[in-house]
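What follows is a short report on a single structure.
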Amino acid sequence: MVLIRVLANLLILQLSYAQKSSELVVGGDECNINEHRSLVAIFNSTEFFCSGTLINQEWVVTAAHCDSTNFKMKLGVHSKKVPNEDEQTRNPKEKFFCPNKKKDDVLDKDIMLIKLDSPVSNSEHIAPLSLPSSPPSVGSVCHIMGWGSITPIEKTLPDVPYCANIKLLDDAVCQPPYPELPATSRTLCAGIPEGGKDTCGGDSGGPLICNGQFQGIVFYGAHPCGQALKPGVYTKVFDYNDWIQSIIAGNTAATCPP
């Protein structure tokens with residue numbers, strides 16, 4: 001079974017396939033409190049259901065399938081139960097999606113750019129991660145993180161984000177397990193061929209950081225998480241650099257690559 005890696009309560013995403021419950025990092029360890037300063041928690045009245053990445057003081061990048069009617073974003077958070085003194089909460093002021101995204105197709109151009117209702121300040125636990133200067137190379141070591149499930153089948157949500165290292169794999173590795181993905185999808189394939197480490201339900205929208213650069217957005221994967229030869233699929237940020245920069249510069253009519 002394959003599912004979008006987001007919480008099951010986002011019912012609008014349930015189309016012809018089963019939706020993947022929110023994903024957590026499976027096979028990882030608790031993140032160091034200072035190693036996820038750009039990680040954004042996206043939450044509603046009941047739970048953290050997605051993550052995002054702060055790319056400057058006013059803008060966050062996440063997955064389009066993380067969109068919801070009412071949500072807030074928390075920055076500088078580590079533990080859900082023990083707040084950091086520098087945590088900041090923001091609402092979305094504007095949300096941008098690829099104008100050429102196929103309607104009602106959650107597998108197409110899964111990226112959302114959010115302008116915050118007010119800028120955030122850099123602090124001990126908050127700092128942006130810039131857009132990538134070049135695309136990643138196969139074999140790169142990549143870092144995943146999130147508050148998603150830490151068990152592959154039953155949902156087990158941690159109080160703190162979990163982190164793990166995986167590798168960028170050749171796109172061909174992701175084609176057999178996910179034939180439903182468009183052939184032209186601008187995505188990355190990343191994981192551990194033998195399985196054991198993966199993003200999971202609740203990790204959707206979070207970053208894939210390869211060699212220190214923000215290269216991917218948690219998008220799609222298998223359920224149970226962490227299966228052998230079924231790595232995760234990530235939206236390829238580098239392919240959307242021009243669109244993101246155009247929107248930030250004020251060109252709201254900018255179009256994403258096909």
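Using the three backbone atoms N, Cα and C, a Cβ is placed for every residue, glycine included.
The annotation signal peptide is assigned in Swiss-Prot to 1-18 on the grounds of sequence analysis.
Annotation comment: Swiss-Prot describes 25-249 as domain 'Peptidase S1'.
Within 10 Å of the C-beta atom of Cys31 (disulfide bond) sit 21 other C-beta atoms, taking all shown protein chains into account. The disulfide bond feature in Swiss-Prot is assigned to Cys31-Cys163 (among others).
In the shown protein chains, 16 other C-beta atoms lie within 10 A of the C-beta of Asn44 (N-linked glycosylation site). The N-linked glycosylation site feature in Swiss-Prot is assigned to Asn44; the stated evidence is sequence analysis.
The disulfide bond feature in Swiss-Prot is assigned to Cys50-Cys66 (among others). Every protein chain shown contributes to the tally, and the Cβ of Cys66 (disulfide bond) ends up with 26 other Cβ atoms within 10 Å. According to DSSP, Cys66 (disulfide bond) sits within a helical segment.
Annotation comment: Swiss-Prot describes His65 (among others) as active site, charge relay system, evidence class similarity to another entry.
DSSP assigns Cys256 (disulfide bond) to coil, not to a helix or a strand. Annotation comment: Swiss-Prot describes Cys98-Cys256 (among others) as disulfide bond.
Residues annotated as active site, charge relay system in Swiss-Prot: Asp110 (among others). For Asp110 (active site, charge relay system), other Cβ atoms within 10 Å of its Cβ number 28.
For Cys142 (disulfide bond), the same-chain residues 6+ apart in sequence whose C-beta sits under 8 angstroms from its C-beta are Pro136, Asn165, Ile166, Lys167, Leu168, Ala190, Leu208, Ile209, Cys210, Asn211, Gln215, Gly216. According to Swiss-Prot, the disulfide bond annotation covers Cys142-Cys210 (among others).
The disulfide bond annotation in Swiss-Prot covers Cys174-Cys189 (among others). Reduced to three states, the DSSP call for Cys174 (disulfide bond) is coil.
Residues or ranges marked as disulfide bond in Swiss-Prot: Cys200-Cys225 (among others).
According to Swiss-Prot, the active site, charge relay system annotation covers Ser204 (among others). Counting every protein chain shown, the Cβ of Ser204 (active site, charge relay system) has 34 other Cβ atoms within 10 Å.
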Rounded Cα separation (Å) that holds between Cys256 (disulfide bond) and Asp110 (active site, charge relay system): 11
Listed in sequence order, residues with CB under 8 A of Cys174 (disulfide bond) and six or more positions away: Leu181, Thr187, Cys189, Pro231, Val233
Among Cys163, Cys189, Cys210, Cys225, the one of these disulfide-bonded residues whose Cβ has the fewest neighbouring Cβ atoms within 10 Å: Cys163
